[in-house]
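Here the structure comes first, spelled out in structure tokens, and everything after it is commentary.
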């Protein structure tokens, strides 16, 4: 059952439209991640769901009723901010209980619920402190605790980990996943970090320039992207992109690259004639297939990044584009060339506008 | 180590060089006069004849001086009325002008203008406004049906309120500017969090805005108290401390004794009392700030 529904939701500031009609439905209990580069409108969309930004056109429904004009506090949502947004003049306990206090919940209930939330997050010993006396990670826990205390239908997270250092970020990421497991509430999470999106989400919403590009399960988006943007945004290192011409020769589809290299392509139903300009995408981890009937390319090496178990070989493609080959195991460190071997099934084909050809 | 200490020496010399101009001015116009006044307060001196050491004579005389007691009462009245009013109006105007209203800049300038207006000029104009026969204030009161409007500056009861009104009018812009700056320093995400926590309107003002503004409020309070204790020009122009010392305040009394009665020792002793009061008031404020001032 869907708990949040966006129907053609738009946002504009005067003449400038920043969100061009978003349609989305988030299921009850789902962990949904909005991901995209900065300025893509993901935070704006989240703030519209929270009620902190007005919706210019369209509808936002929560739990079956349209909330376009409903006060943020009445929407049954709680939000965790990037900056934590804790009240500096209140203790941790007062911060967490503030929302309940404002809605007239009796004091013993507030105390009980604050302590329950503090127990979940293991911050009981911090309850008497002020935010200024806490570390970044502790503040983030308090901010999450403040959201838990309100027992919302939907949790909204606005880049909650981006102010933390790398190690703490990984740790908190795991904790947020556990928290979702434990509480089972719907969570909407905004991030620009594709790793966070891939690891946390049940459903990823990839956004760019005020539009939703694709929605789906992380693995589906990763292996079956609708366009070159989604393909390039998800995955690290990025998918290799090579420009080519699409031709049909002897009944099979072929890509012709610079330097007289040609290779077979997976079948495409939308073939629209020879010499169409295309981009073919192959992920770095698919560039060294041992098995099957692989296409091979000999490429000059620029740089090698040795990570121990894995190495990334930065090579140059036929038209000079960067090609990353992910290798496993020990290799010759002085290598000047690398042989890329990839399967036809690993190739994704995009047209000149970046749309996927299937 | 040798190179390090050389560098340190050079840095220290540079520091002194930069400090020198303000240090010279401070010494000449603040430190020396303050010390001199402290010394003079133990003497009898009329500027022309040699000083005569009188110990604590001036101080004992002060505490038995009925006019001085009245002056102290007047000063307290003035401070206790004008400081809260300045702050309350300054805050209220700042809260209104902090919103995105039309003519925001115009109103900000309008409310700040009295601060930069010459006190003497303003006081003169206000004296005419308060004039009991020809003033616009009484003309208005009469037209509204008040049959016997106050004599204002000529009345022992109403002269002080009139001076307070002008003082508030003049200083409210200063408080407003400081409060506006304070309000704009409050991060918007705090208000976002408050919106989700059902803190709206007055609740938001009371539980979020005012506590977040407390460092500004503290600063405005200290500055206004110090400023109010030193009120002089308004009294000098509007009432000359009259009628019957009804508006005589500490600084005016110091001026009277020093430059009208040529009792420099006595005036200096009164100045020391003023200094002590302001010092104690400020110290108390600093002590109290832990209870209500929250820094970020």
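Each residue, glycine too, has its Cβ placed from N, Cα and C.
For B:72-285, the entry in TrEMBL reads domain 'ABC transmembrane type-1'.
Sequence annotations record features per position, and here TrEMBL assigns transmembrane segment to B:16-42 (among others).
Annotated transmembrane segment per TrEMBL: B:76-97 (among others), in sequence order.
Residues or ranges marked as transmembrane segment by TrEMBL: B:109-129 (among others). Beyond the transmembrane segment (B:109-129), the same-chain residues lying 6 or more positions past its ends with a Cβ under 8 Å from any Cβ of the stretch are 93, 97, 135-137, 153, 162, 165-166, 169-174, 176-177, 233-234, 236-238.
Residues of the same chain lying 6 or more positions beyond the ends of the transmembrane segment (B:158-183) and with a Cβ under 8 Å from any Cβ of it are 74, 77-78, 81-82, 85-87, 89-91, 93-95, 97-98, 108, 111-115, 117, 119, 122-123, 126, 130, 150-152, 209, 213, 215-217, 219-220, 223-224, 227-228, 231, 234-235, 238-239, 242-243, 246-247. Under the heading transmembrane segment, TrEMBL lists B:158-183 (among others).
Residues or ranges marked as transmembrane segment in TrEMBL: B:204-229 (among others).
Look at TrEMBL and you will find B:264-284 (among others) tagged as transmembrane segment.
Counting Cβ pairs closer than 8 Å and at least 6 residues apart in sequence, the transmembrane segment (B:16-42) and the transmembrane segment (B:204-229) reach fewer than three and form no contact.
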